[in-house]
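What follows is a set of notes on a single structure, which appears directly below.
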């Protein structure tokens, strides 16, 4: 650590050995700017003092112009990229700002490039036939404009140059383009892959980044130059994961193309395709269907049609080949030696050149490789704002209403006083109702105590979690700044112990889940203030409050009627027996009275 501090103070960010630092003084080099001292040397001090003295003597005074400090790094990131969320990765010490973003294809319109291109007229870029080539007559003309034509047109018209090369962003990956599985509904991003190469040739298809770099170093763009012109390889680092139909999309139907072939000895030439063997063998070797010039093409997918495989000057070995699934686009190669690509060009905000696991907010000078498409960047998982938007836009139908349970407030009594064994025994024997009431009261107070205790605990944990989160953010920002400064001054992983390995445990997600679980668990304790209404809501689902009150009234009336039906026979029997007793007693009274009168006579 002392050697690093010493090297930093002496102004030499380069790597020096201990032996050289002890034996020889460190010398500066005028040719290498990285060896220039960061702090003034003794000679520079003398020159500065002399200039100050001269200015004081002559009376010449100059205003001090303070350099404008750069803005916040993260705000600059958001303004330049249009991203409000991002994260850093420490997988590579040489790339401390590797992002955790992924690329997604996005529909491109000419209006998005207004102010960045010479003109936005890309309406005459041509079309792509998806069923038959134009050389086959009599068939359907099912044409559409794939996205790569519009992308190529706009990229060739970029006219806003950048001062420096656009910074490269290392992505976790990018989304593949969709396949064409429905010929009547082609996606707005289908066939959006483009490739960059000198003279717009398909020579570098499937090449790795390293292989392409080595080839271009040995073979310059211009054969007249003895040195290689500057170029930027835009092929993905993991190119084997971002190539072919798995990345650029595929055409799910057969494409019929005429093979007008000529024979020269044992070789055949069919347009741009040539080689030994019959063209029919080439077609069937790729899984296609061969139809010679004497037959008709009968196809049922994507719809039924019949076409004649005829043409002018067809040789004996000519015919039509129904090729299997074709990679899209068919030939989107852009010549990167044109004038518009000699300097880096700017792209509109929030639009990126995405090439697999690499992205640029602009077009580098003389790009070579691919495949690439224009799109946007997003987080691998939705952030909190996206989740809230999804919940706000989601359908609210079919939600089951909760019971009318009110939470315990802060004014409830939490004084728990339990009875002893003697009181419980006498109360349960002599007054069971009093014992039950006492038990219910103590249960309510225990619930109140539990709620208050849980609220205090969650509040305390919430404050601690906020403090830990703020400390974590500060530590990560400071560590990222320190690593960036050390790497910028040439210090690698071996200079500072633990520089490339920084383990800061992150249990915030687990803590947040448990914290939310505690809050939900507290809400499980409540008082059911309307048991009948809760029962009705549970039976009939999400009914309104007016329906609940109506059902409660009907239920009350039904209960009254049932009580009357049950009690009315008993009441009538009691009344009739009472009347009968009264009548019998009256009759008995009159009988006794008559007997008494008869005896008196």
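Cβ atoms are placed via backbone N, Cα and C, with glycine included.
Bear in mind that the values here come from a model prediction, so they are computed numbers and not experimental data.
The coiled coil annotation in Swiss-Prot covers 437-487 (among others), and the record cites sequence analysis as its basis. As a whole-number mean, the pLDDT of the coiled coil (437-487) in this prediction is 76.
Swiss-Prot lists 505-535 (among others) with the feature coiled coil.
With a cut-off of 8 Å between CB atoms and residues at least 6 apart in sequence, the same chain places 110, 149, 150, 153, 154 near residue 122 (disulfide bond), listed in sequence order. According to Swiss-Prot, the disulfide bond annotation covers 122-153 (among others).
The disulfide bond annotation in Swiss-Prot covers 193-248 (among others).
Counting only same-chain residues six or more apart in sequence, the Cβ atoms lying under 8 angstroms from the Cβ of residue 270 (disulfide bond) belong to 259, 260, 261, 262, 279, 282, 318. Swiss-Prot lists 261-270 (among others) with the feature disulfide bond.
Under DSSP, residue 355 (disulfide bond) is assigned to a strand (E or B) in the three-state scheme. Around the Cβ of residue 355 (disulfide bond), the same chain contributes 234, 235, 236, 242, 369, 370, 371, 372, each under 8 angstroms and 6 or more positions distant in sequence. Positions annotated as disulfide bond by Swiss-Prot, on the basis of similarity to another entry: 355-372 (among others).
The disulfide bond annotation in Swiss-Prot covers 412-448 (among others), and the record cites similarity to another entry as its basis. A helical conformation is recorded for residue 448 (disulfide bond) in the three-state DSSP classification.
Taken from Swiss-Prot, the feature disulfide bond applies to 493-500 (among others).
Summarising the annotation, Swiss-Prot assigns N-linked glycosylation site to 79 (among others).
The N-linked glycosylation site annotation in Swiss-Prot covers 121 (among others). Cβ contacts within 10 Å of residue 121 (N-linked glycosylation site), excluding its own Cβ and spanning all protein chains shown: 11.
Positions annotated as N-linked glycosylation site by Swiss-Prot, on the basis of sequence analysis: 159 (among others). Residue 159 (N-linked glycosylation site) carries neither a helix nor a strand DSSP state and counts as coil. The Cβ of residue 159 (N-linked glycosylation site) lies under 8 Å from the Cβ of 116, 117, 118, 340, 345, each of which sits 6+ residues away along the same chain.
If you look up Swiss-Prot, you'll see 179 (among others) marked as N-linked glycosylation site, on the strength of sequence analysis. There are 17 other CB atoms within 10 A of the CB of residue 179 (N-linked glycosylation site), with all protein chains counted. DSSP gives residue 179 (N-linked glycosylation site) a coil state; it is part of no helix or strand.
For residue 182 (N-linked glycosylation site), the number of other Cβ atoms no farther than 10 Å from its own Cβ, over all displayed protein chains, is 10. Residues or ranges marked as N-linked glycosylation site in Swiss-Prot: 182 (among others).
For 226 (among others), the entry in Swiss-Prot reads N-linked glycosylation site, with the evidence type sequence analysis.
Under the DSSP three-state reduction, residue 260 (N-linked glycosylation site) is assigned to coil, being neither helix nor strand. Residues annotated as N-linked glycosylation site in Swiss-Prot: 260 (among others).
Swiss-Prot lists 292 (among others) with the feature N-linked glycosylation site. With a 10 A radius on its CB, residue 292 (N-linked glycosylation site) counts 15 other CB atoms from all the protein chains.
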Site of maximum Cβ density within 10 Å, from disulfide-bonded residues 153, 248, 372, 448: 372
Spatially closest candidate among 121, 193, 292, the listed recorded positions, to residue 412 (disulfide bond) (Cα to Cα): 193
The region 'Immunosuppression' (476-492) - residue tally per DSSP class, helix then strand then coil: 13 helix, 0 strand, 4 coil
C-beta crowding around residue 193 (disulfide bond), within 10 angstroms: 27
Assigned element (helix, strand, coil) containing residue 122 (disulfide bond), judged by DSSP: coil
Cα distance (Å, whole number) from residue 121 (N-linked glycosylation site) to residue 308 (N-linked glycosylation site): 37
